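As recorded in Swiss-Prot, the features of this protein are as follows:
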type	residues	note
TOPO_DOM	1-59	topological domain 'Cytoplasmic'
TOPO_DOM	81-89	topological domain 'Vacuolar'
TOPO_DOM	111-148	topological domain 'Cytoplasmic'
TOPO_DOM	170-175	topological domain 'Vacuolar'
TOPO_DOM	197-208	topological domain 'Cytoplasmic'
TRANSMEM	60-80	transmembrane segment
TRANSMEM	90-110	transmembrane segment
TRANSMEM	149-169	transmembrane segment
TRANSMEM	176-196	transmembrane segment
TRANSMEM	209-229	transmembrane segment
Amino acid sequence: MAIDLGCHVGCASPETKQEETADPTAAPVVVDDVEAAAGGRRPGDGGGVNYVARAQWLRAAVLGANDGLVSVASLMVGVGAANGTRRAMLVSGLAGLVAGACSMAIGEFVSVYAQCDIQAAQIERARGGKDADGGEEEEELPSPTMAAVASALSFAAGAALPLLAGGFVRPWAARVAAVCAASSLGLAGFGVASAYLGGAGVARSGVRMLVGGWLAMAVTYGVLKLFGMHGV
């Protein structure tokens with residue numbers, strides 16, 4: 001009887017040891033899965049940087065700078081086609097800078113604020129009306145004010161490039177050439193920067209930005225030149 005009992009104990013002990021050794025290995029996998037499902041934030045991953053809010057104002061800054069450069073350069077070239085005076089081109093470029101910066105800021109503020117309302121309502125529904133862990137989730141929402149300021153400042157910075165390059169040049173041909181040259185350099189720079197940040201092809205992005213800017217300036221110049229020729 002003692003031999004049989006020892007045999008049963010000896011036969012059962014390896015399985016018990018296997019279960020004891022298997023449990024510690026299974027627990028970290030479950031913890032890792034829970035951490036991954038919670039958002040992928042770990043102590044060594046970025047130090048808790050809020051990339052959602054950063055991407056929001058970075059996108060607004062890039063779009064604002066590109067819009068400011070293309071719109072003001074096209075406006076100055078178009079006005080120069082109809083009215084070749086330096087004052088007309090300078091005033092039109094300055095008006096485009098101020099109006100465009102205000103428009104971009106207001107539009108970005110309204111759109112981001114609407115996005116925040118939608119995300120906040122979604123978070124509230126997911127929490128089921130509870131206030132637990134609400135502070136951490138609310139911090140992940142993008143800031144409408146930051147996006148509006150970034151959009152306005154970037155638009156003004158992009159618009160200032162063609163304005164300063166051609167607004168104070170007296171000869172008409174040199175003025176238009178300066179605006180086009182400064183705009184081309186700025187467009188190429190924005191294309192390369194956006195491609196580098198996004199991990200895309202640098203050359204293709206730069207060419208795409210250049211072609212788009214040249215097309216906008218050419219269309220504006222052609223339309224206003226047509227109006228100027230007919231005395232409108």
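Quick reminder: no glycine exception, Cβ is built from N, Cα and C everywhere.
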Touch test for the transmembrane segment (176-196) and the transmembrane segment (90-110), at least 3 Cβ pairs under 8 Å: no
Tertiary contacts of the transmembrane segment (149-169), as residues 6+ beyond its ends and Cβ separation under 8 Å: 57-58, 60-69, 71-73, 76, 86, 89-90, 93-94, 96-97, 100-102, 104-105, 107-108, 175-176, 178-179, 181-183, 186, 190
Average model confidence [pLDDT] within the topological domain 'Cytoplasmic' (197-208): 77
